[in-house]
Structure formats: C-alpha cells, structure tokens
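Marked as transmembrane segment by TrEMBL: 6-22, 42-61, 67-89, 101-121, 127-148, 160-182, 188-209. Residues or ranges marked as region 'Disordered' by TrEMBL: 298-318. The compositional bias 'Basic and acidic residues' annotation in TrEMBL covers 301-318.
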Amino acid sequence: MAADPSFVVGIIGNVISILVFASPIKTFRRIVRNKSTEDFRWLPYVTTLLSTSLWTFYGLLKPGGLLVVTVNGAGAALEAAYVTLYLIYAPRETKAKMVKLVLAVNVGFLAAVVLVTLTALHGGARLLAVGVLCVALTIGMYAAPMGAMRTVVKTRSVEYMPFSLSFFLFLNGGVWSVYSLLVKDYFIGIPNAIGFVLGTAQLVLYMAYRKATPAPAHKEDDDDGGEEAAAVDEEEGLAHLMGPQQVEMAQRRVRLHKGLSLPKHAGAPLSSPRDGLGSIIKSLSATPVELHSVMHQHGHGRFEPVNKGDGDVEANHK
C-alpha cells in the first residue's frame, strides 16, 4: 500500500525545520564554553519559542495535526533550552529584562491564548483564532530578511545574507507549502508560500551579486567628511549583525582614526525599542528591517569623532 503523500512531505518538512531550529547549537556551545553571551541577541529565541509553542497548540487542536505537533514541539524544546542557557550566562541587567519578557510572553500570553481558546471559543472558531496568530508570527519571521536583501542591492555584496540561511528559507517554505496544499490547510500555506517566494528572491539575488564587485568604500584621507562617512558605514554594518540592545554598544566600538580622540556623542542617546508584544512581532528574526529603522530614526544622533584641541573639546556636527 502506497504511503500518503502528505505524510511523506510532512516528514521531509519535519527534518528540514528541525535542522533550522538546531542551527544555533554552535552559538550556544560557544556561550557555554566562554561562560558569556557576548553580543548575541536573545529576543529571537524568545519570539521563536512563542511561535513554536502556538503552532504546537494549533497542531493539537487540528484533526490530523500530528506532524505539526512533532516539528513545532521539537522546535519549542530547543528554543526553551536556548532561552534557559542564555538566562544562565547573561549579564544581570539583561537577565532581569529577559525574565520579565519570558514570563509575560512565553508564560502569561501563551497561557491566556490557551485559556481563552478552550473556554470562550468552540468548534472552528478555536482553530481560526490560533491559526491567525500563528500566521502573523510566521510571516514576521519570514519577512525579517528583507532588510538583508536591501543591503545586498545597496552594497553589491552578499556578506550580510548567508547562502545557507536563504537556501533553508526557500526549502522550508517550499516543502510546507506543498504540505499545506495536500492537507488543504491555508494557515500553514499562506506564511510558508510567502517564505518560499522570499527565499527564491534571496537566492536569485545571491546568484546575481555573489561575484559582483562591492560598492566602493569611502576613501580614507585627511578630509573629515570622508572619515565620518566611513564611520557611519561601519556603524550601519554592525547594526545589521547585532540586535537593538547592542546597537549603542557597537557604536562605542567604532574604530578610531589617526589623530582623533575618543568619540563623543553628538546628539541624544540611542535607545532600544520598548519591550512588549508589538516589539516582539517586529523583532522576529530580529532583524535587519527593525535595526535599519532604528538607525534611520536616530540618524542625527550618531557618534562622531572629536578632534584634539588646545582648549575645550567640541563634537563635530554634520
């Protein structure tokens, strides 16, 4: 007797998705070895834990949702382990902030969704409510790399868009899109179809720019304007690699040029987005999109170099 095609595709999807969930293991081996979280972001792990937990609940509500439960249950277990390890090795201030968010979102919000769904909703309304929440979170996760695509076009370099990430986005979205068609589940199909399209676009972009000559960097000379532009480029590059909580820290590490003293802030300090459910959805994979927005909004608050002077030291303003 032939195997059910949807079951076979679902098994393949489970394997691919679990590989994606397991990809941060190398990062956490480093964290444990160094006993420090360094500059690694923690918000993506909290938000992915919420997403996988909701999808697991969705699979439990859905008739025949076993494969949805297995893949997301495994993902939730891995994300819970990542969050726990991060909490163990995080600095005290970060740990306090993280505990509050985990309790509010991964415990409080999730418990509220489960309670309301099981007590106030009945029949198809349960699946509809949970499915909409899952779709919103998954679309946010798939849309996150769009900022990296913009950076590739701007810089003519694929440095900020690793091939493996784009390939697995394409593969994962494609497999689960096929599965959704076989089982006629549009809640699974819509976000994964979007992920498949975005993954395809990233692969096309990668092939187009992988051998392209990067956009010329600003030439370093004695001109202050050129040095300031170079510092800003480095600042924005770091922002694409780090989370909002580390943007200000990264700015303090901008390389100093010869003959310049320590950088001095020329405007208001850059602050992180406020914690809350809104920021959680925006941060899903944390993201180049959000980071670019933060850098743009605070464009007039850059750290600029200060020249050594005989009297009072004043910041250079653009």
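Cβ atoms here come from the backbone N, Cα and C positions, even for glycine.
All annotation found in TrEMBL is predicted automatically rather than curated by experts.
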Sort out for me which stretch, of 42-61, 67-89, 101-121, 127-148, has the most Cβ pairs below 8 angstroms to the transmembrane segment (6-22). 67-89
If we skip the immediate neighbours and take only residues 6+ beyond the ends of the transmembrane segment (160-182), which ones have a Cβ under 8 Å from one of its Cβ atoms? 5-6, 9-10, 12-13, 16-17, 19-20, 67, 142, 145, 148-149, 151-152, 188-189, 192-200, 202-203, 205-206, 210, 237, 240-241, 288
Return yes if the transmembrane segment (127-148) and the transmembrane segment (67-89) have at least 3 CB pairs under 8 Å (sequence gap of 6 or more), otherwise no. no
